[in-house]
């Protein structure tokens, strides 16, 4: 296969940076669904530095799926590792460079002490490979936060962070300068960590010593296990001025400043010692203001002093200026000195201790305090002359009070008797009393009723809205706003009952009819074949709306069915507008958004109402998915005004239609339904189609918020789950919709998945694939992975039962489940299940059921009078059959000669008029029947080609070859008089029109080839060297790995290269030159018929990335047309012309679309009456006969090719030359005042008001070698991300107008369409939305640019790992990848043998091993033929043994190899239990060559 590509220019080699497939894939619609945007907390750059403004969480589990770096704030005594307790965790997502510089605003008013030399200690423990790069990522985030002035100088700072499975915390006493800590201590730790050995389970740094008090202590700790208990324990030690001991440690000396004197110097100042050494510098003896306050006392009361962190009785006595004996006398309680608490008041003289307890306020409310980072009931009580029991008693009615065991940071609590306070605001609260800006109510007992949720949804104790048990279960433990551990509780609109309303007079049975079904390969239904007795309402889906709000039905088959639809009797005939594709495709999504606005709603409503009235229909159904939706992939977020606009539009529409029916479709998820003012809408319209199907599907993959109890959204769940359907019915009826107006969705199709494990088919078992790509088997007719009709399911059950492994009713979901071909799992509803559901919905007072869709239920024979479905479809597309009820017609085309007015050489009429008057449609129908009869017979000699046989039947010349372009082609223009037309010839004047159409189609393809292989080839060949010199100083290697990327580009380029040319060509043809609706319809249908097939050919060329799949046969066929880069499209269109005239049913269908109604023949745009014939123009025969492209046609192809070529090739060449371009998501808005600081060295672009940068991790992230020999003494900056070579030229003035912004925005759109994840597939040009966007030369179409996108934090972590593990650079998506640990083995080819028993290790323990080593540089070098247990946690051990020396003495395995195996087995083994065990064999690196390695997972 190599010779095919040898010699091809580097510019053609396409990068892995191009498009993602199934555009606008559906999104989740289950009641619990939340968008991908909710996986991580709000960005730090948005929330600001104050933790109380960050997102709030009640446990760490809700943050486990965020793969970004996060900063946390929580109380020191809040044990956040305790999964059985309730917590308050403040969190924000750190992208890198999140903090503005506010350091000057915190400069203390008092002059700092002079500079001191101090000793910093770095300590660590070593057990297994470490993650210094993750450590550094968190240190950098904390350093920036501290150094830029975001800690208060008036109080001790405690801050926490997490990145992946690395946790960290920083403690800074309030007498230390934050700038010193950030720029000296933490920066030195970052620098030194580059030289660590990669084996640190924990890393700690402290400034602490025997003479330090807690105000002068600094500490940092990072752990590799992702927990915080040890960090909080360290903070408690430092807050008591207790230093930590380490297994290993080193020290370095640096300078710092103290903003107040240490207690040790104060003690010395009150004795005979003049000073004491602390950190190597004499500290002056001086009493601070803080230490001297409260020394004066009133009569009868003692003078007091306040206990500081780390104090002793001796230290306090010194500050009091009294002896130890006197201090003991004044404070004589037993064991007094062993029970000192920070904040506690003590006596410094004789007398009674004053009462410092606060008093209630004048209005009767209690005195309050806000709980600080390091405060507990104990410290608060001590500071206020109270006991813990007092605190607990005061707060029995305080919002959120759960007792002293676990008080939360920033809580407002009572420290006196009195009525409870207003709770503290929570920045992201949506409901309840903690919504920012909430005013104090008159009745404090009604706090829970404040700020109710939209749709009357449940409000949990954290102020979040939802409709599932997680939000709606009240687990109050006493005080208002509390919940039991492990729950979120509920404070308002609790419960999940369905509100039963007024049942309808007649229970509705609604059916949807898919008018677009005839685009399938099989499974058809004429609308007359619908069992009308089953339905009260029949919805015809869908009718088109243009961008100027005109109504039409553009598809001929749909138009034919619509005419039949108008004649049905029985059910109400409802016409539907919208649908998922219409609502979400780039070309149409704005129609509803703008059409319902105040400026346009009257026009849109009037046009729809007129269409309904003119066609004598019974009503209209609007399916907008969805107003105000925040996260439709590839689309800007919907505006919040859209819901009310929709309501106002429906009011106008209903007023215009009067007694006729108006309905809408609505989603079953709170996430999307909250954009609808659904209660108000329900009062305007007649009923709501409630879409309780598609609750789940492939789109759930990767979203932890899509499926209850499923951490990654990839569990096998029914799309018609009964439990979730009831939750949805509760949602909509609680929202205020009368149940009698709710028509509940049922389905006649299933959603299918490819199972991970053939033996695991329950709701916790997993499926494979990504959100945009299903591995489920496609059925023949629906032809969509993940989607299969009931008809196809029943066909399997009835006629292919040997393929069915399981078939049963799942009682929990009340769904039919079928497993077939071992690993295909599908959930669906049989007629029996639908009948059960119908009875239940009737009992609940619902308004009816709606079935999607009638045409999916069973296979139907072609209607009476039609031979078969292909024949009927062909006739529908040709327009030769008249809808039933309009009368029959007979053809007369053979009776019309060349002298007919409509057949003269100079056309006097429009193409459509000529076609119809000469009965060309009848001629075409007869010719096709004759051809099929000829085609299907056995022939002894050579069979004529399709075009040759048609010519023969028409009386034309022989040796015709319209299906070829090369030198052997022959498809001439033939005038009417040259055909053998006359009595008995079975031909007529229509022959010329049909043959003119053939010629025009052949001419178009020939001109395209002419332009492609001559002019464009010359241009590209002349500019390739400039491309390479500008963007790639090092040429790419010539290897087979590029094959898939080249073919991706060929596939992508079809609509861009061919589309523009054909678009221009068609617009010159008379039938498509006017701006009329008919002309536009002709243009759209012909363009689709021409280009859909080449796009399919191009897509099918891609195959797989295995070079062995590129067979010699494929190569030979492809090589005939591919010599240079342009020949890819030359082959595609040459092959497509061959297919177009091959005489198969599919080709005939395409030709019928192209030539029907005279779309390819001559004529004038509009008929002119005969007397005005002098105004008519004669046709130019010479121009019509040319097959060489004109200059303008060459320019059209050149523009399309070069735009696609440069846009695709430039990122490809960067990558081919060893660079790794990626997009930095700065997290900043485009109007951020500090944004320019981060864009001065890198090219940037804005998308949806967010700033992104194009960057390259060139070279080493930290290129320094340490040779100074002093820990902490080496200053070496990290490398900055680089710009890409030649990027300055991408300013839109060259390279076909390509701009840096196009590369950035295109990559970001791809990333967003893939659910904010990298790695989405290449674009599918057979998708109509993608095709149209590419045809418009939109190189930012999602997927065309596929550079990875991530935060600077993640990118730098991967970059640093690559310094030590070069293979990391070869990982997909580098540097935005997470799987960048060291690897030596081919885990993808490992064998897996499960041996799970009741005594096997816990899966969770094995996954902790993953947490501990994921992304690390860890590796093991072990002797062969010896068993080793190399990774352990809890009950789980991962062991290895090299087998058979094969010249090796040692074998290597890396951390990533272990991670890959444990991840795979944790998904495939255990079968729903919590344990797993087993073994396998794989190939790994030996010290000489590849080595067989046996691995095992077993109990320790």
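A Cβ is built for glycine as well, from the same backbone N, Cα and C atoms used for every other residue.
As annotated by Swiss-Prot, N-linked glycosylation site applies to 53 (among others), with the evidence given as sequence analysis. There are 19 other CB atoms within 10 A of the CB of residue 53 (N-linked glycosylation site), with all protein chains counted.
Residues or ranges marked as N-linked glycosylation site by Swiss-Prot on the basis of sequence analysis: 225 (among others). Within its own chain, residue 225 (N-linked glycosylation site) has 165, 167, 201, 1408, 1411, 1412 as residues 6 or more apart in sequence whose C-beta sits under 8 angstroms from its own.
The annotation N-linked glycosylation site is assigned in Swiss-Prot to 251 (among others). Residue density at residue 251 (N-linked glycosylation site): 11 other Cβ atoms are found within 10 A of its Cβ, drawing on all protein chains shown.
What Swiss-Prot lists as N-linked glycosylation site is 270 (among others).
Taking DSSP states H, G and I as helix and E and B as strand, the domain 'LysM 1' (303-348) has 19 helix, 6 strand, 21 coil. The domain 'LysM 1' annotation in Swiss-Prot covers 303-348, and the record cites sequence analysis as its basis.
Among the features that Swiss-Prot reports, domain 'LysM 2' is placed at 367-415, with the record citing sequence analysis.
Positions annotated as domain 'Chitin-binding type-1' by Swiss-Prot: 428-496. Within the model, the domain 'Chitin-binding type-1' (428-496) carries an average pLDDT of 93.
Classification of residue 431 (disulfide bond) by DSSP places it in coil, neither helical nor stranded. Among the features that Swiss-Prot reports, disulfide bond is placed at 431-459 (among others).
The Cβ of residue 465 (disulfide bond) has 430, 431, 453, 454, 457, 458, 459, 471, 670, 674 as same-chain neighbours under 8 Å, each 6 or more residues away in sequence. Look at Swiss-Prot and you will find 453-465 (among others) tagged as disulfide bond.
According to Swiss-Prot, the feature disulfide bond maps to 458-472 (among others), an assignment based on sequence analysis.
Annotation comment: Swiss-Prot describes 490-494 (among others) as disulfide bond, evidence class sequence analysis. Sequence-distant neighbours of residue 490 (disulfide bond) (same chain, six or more apart, CB under 8 Å from its CB) are 458, 459, 460, 461, 471, 472, 473, 474, 475, 483, listed in sequence order.
Among the features that Swiss-Prot reports, domain 'GH18' is placed at 507-879, with the record citing sequence analysis.
Among the features that Swiss-Prot reports, active site, proton donor is placed at 625, with the record citing sequence analysis. The secondary structure of residue 625 (active site, proton donor), as reduced to three states from DSSP, is coil rather than helix or strand. Over all protein chains present, the Cβ of residue 625 (active site, proton donor) has 23 other Cβ atoms lying within 10 Å.
The N-linked glycosylation site annotation in Swiss-Prot covers 721 (among others). Annotation note: residue 721 (N-linked glycosylation site) sits in a coil segment as assigned by DSSP. Within the same chain, residues at least 6 positions away in sequence whose Cβ sits under 8 Å from that of residue 721 (N-linked glycosylation site) are 30, 695, 696, 813, 814, 815.
Residue 800 (N-linked glycosylation site) falls within neither a helix nor a strand when secondary structure is assigned with DSSP, and so counts as coil. Cβ-based neighbour count (10 Å, all protein chains) for residue 800 (N-linked glycosylation site) stands at 11. Annotated N-linked glycosylation site per Swiss-Prot: 800 (among others), in sequence order, evidence recorded as sequence analysis.
Shown in sequence order, 919, 922 are the residues of the chain, 6+ apart in sequence, with a C-beta less than 8 angstroms from the C-beta of residue 892 (N-linked glycosylation site). The annotation N-linked glycosylation site is assigned in Swiss-Prot to 892 (among others) on the grounds of sequence analysis.
Counting other Cβ atoms within 10 Å of each Cβ, the lowest count among the disulfide-bonded residues 431, 459, 472, 494 belongs to 494. Of the listed disulfide-bonded residues, namely 453, 458, the sparsest CB environment within 10 A is found at 453. A distance of 62 Å separates the Cα atom of residue 625 (active site, proton donor) from that of residue 251 (N-linked glycosylation site). Cα distances from residue 53 (N-linked glycosylation site) to the recorded positions 251, 494, 800 are smallest for 494. The secondary structure of residue 472 (disulfide bond), as reduced to three states from DSSP, is helical. In this structure the C-alpha atoms belonging to residue 251 (N-linked glycosylation site) and residue 800 (N-linked glycosylation site) are separated by 75 Å. Comparing residue 494 (disulfide bond) with residue 800 (N-linked glycosylation site), their Cα atoms are 49 Å apart once rounded. Annotation note: residue 490 (disulfide bond) sits in a coil segment as assigned by DSSP. Under the three-state DSSP scheme, residue 892 (N-linked glycosylation site) falls in the coil class.
Residue counts for the domain 'LysM 2' (367-415) under DSSP, helix first, then strand, then coil, are 17 helix, 6 strand, 26 coil.
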